[in-house]
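One structure is given here, and the rest of the page talks about it.
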Amino acid sequence: MNIGFIGVGGMAQAIISGLLRAKAFLPDDIIVHSHRQESYGPYATQHNLMTAPTNAAVATESDLVVLAVTPNVAPAVLTEIKDALADGQTTLISIVAGLSLDAMAQLVGPSVPILRTLPNVNVEIGAGMTAVAANDQLTGGKLTSALGVFGAIGTTTELAEDQFGVFSALAGSSPAYIDLFIDSLSRAGVKYGLTKQQATQIAAQATLGSAKMILKSDKIPFALIDQVASPGGSTVAGLLAMEEAGLMTAVVKGIDATVAKDNANSH
């Protein structure tokens, strides 16, 4: 089985890197094309990937074809590859934000099996979180194969399409928010004498450990906070200061703004 990518921007490269790292596909099994040869040619050469001369050729030669272009050009690209997908043998996987299953089906035809996905950048290191939604034509082995792409580079969750907006905020955009939190922790460490490198490593590892603890525990995060925060202790003092500064409100407002922007882009 092979997989093709139409578009090789940042997210496509993250997926490809994750798949190669996981040995889910060999370089010879990955075909790429983009509208600019200078944007995909050197990348393909660097990673020993296959290339195709056109978008339609990618769709023709691939068992799975990943649509990884920007939303503004996606309709034109889908129209371009429509005939190559007409027999229903190739599965279309979209990572295009805001492009619904119905909208894609209207452009490529009702017989094409389609998986709409929303991965986050952590797929590059095999720790991704990807929302998925399949149309009625994607079943059986084809569905298993399509889901397996993202299962190889992280975790997947099946969601209704109207929940993709909040997922985008919680999983797609949150790596940036968490990076901001880690950077804030590290800056505080620098304030008290650590080097930025030391402080960043400490903060990042502590964040990683806390995330793993939440995933392995049957307790809600607030219960885990209670395990760390001893009555009258320094952790409680820090938590109260963060609450007074509006940390939780700021996070919720950030999610609200992300969801609102995603909804606006979808319409």
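Just so you know, glycine gets a Cβ as well, placed from its N, Cα and C.
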TrEMBL has Ile6, Gly7, Val8, Gly9, Gly10, Met11, Ala68, Val69, Thr70, Pro71 down as binding NADP(+); which of Ser34, Ser62, Ser94 does it also list for that site?
Ser34
What is the interatomic distance between the Cα atoms of Pro71 (NADP(+) binding site) and Asn55 (NADPH binding site), given in whole Å?
16
Round to a whole number and give the Cα-to-Cα distance in Å for the pair Asn55 (NADPH binding site) and Ile6 (NADP(+) binding site).
6
Using DSSP with the three-state reduction, classify Val69 (NADP(+) binding site) as helix, strand or coil.
coil
Long-range same-chain neighbours of Val69 (NADP(+) binding site), Cβ under 8 Å, sequence gap at least 6?
Ile6, Gly7, Gly9, Val77, Val96
If you count Cβ atoms within 10 Å of the Cβ of Ser34 (NADP(+) binding site), leaving out that atom itself, what do you get?
22
Report the member of Ile6, Val8 (the binding-site residues) whose C-beta atom has the most other C-beta atoms within 10 angstroms.
Ile6
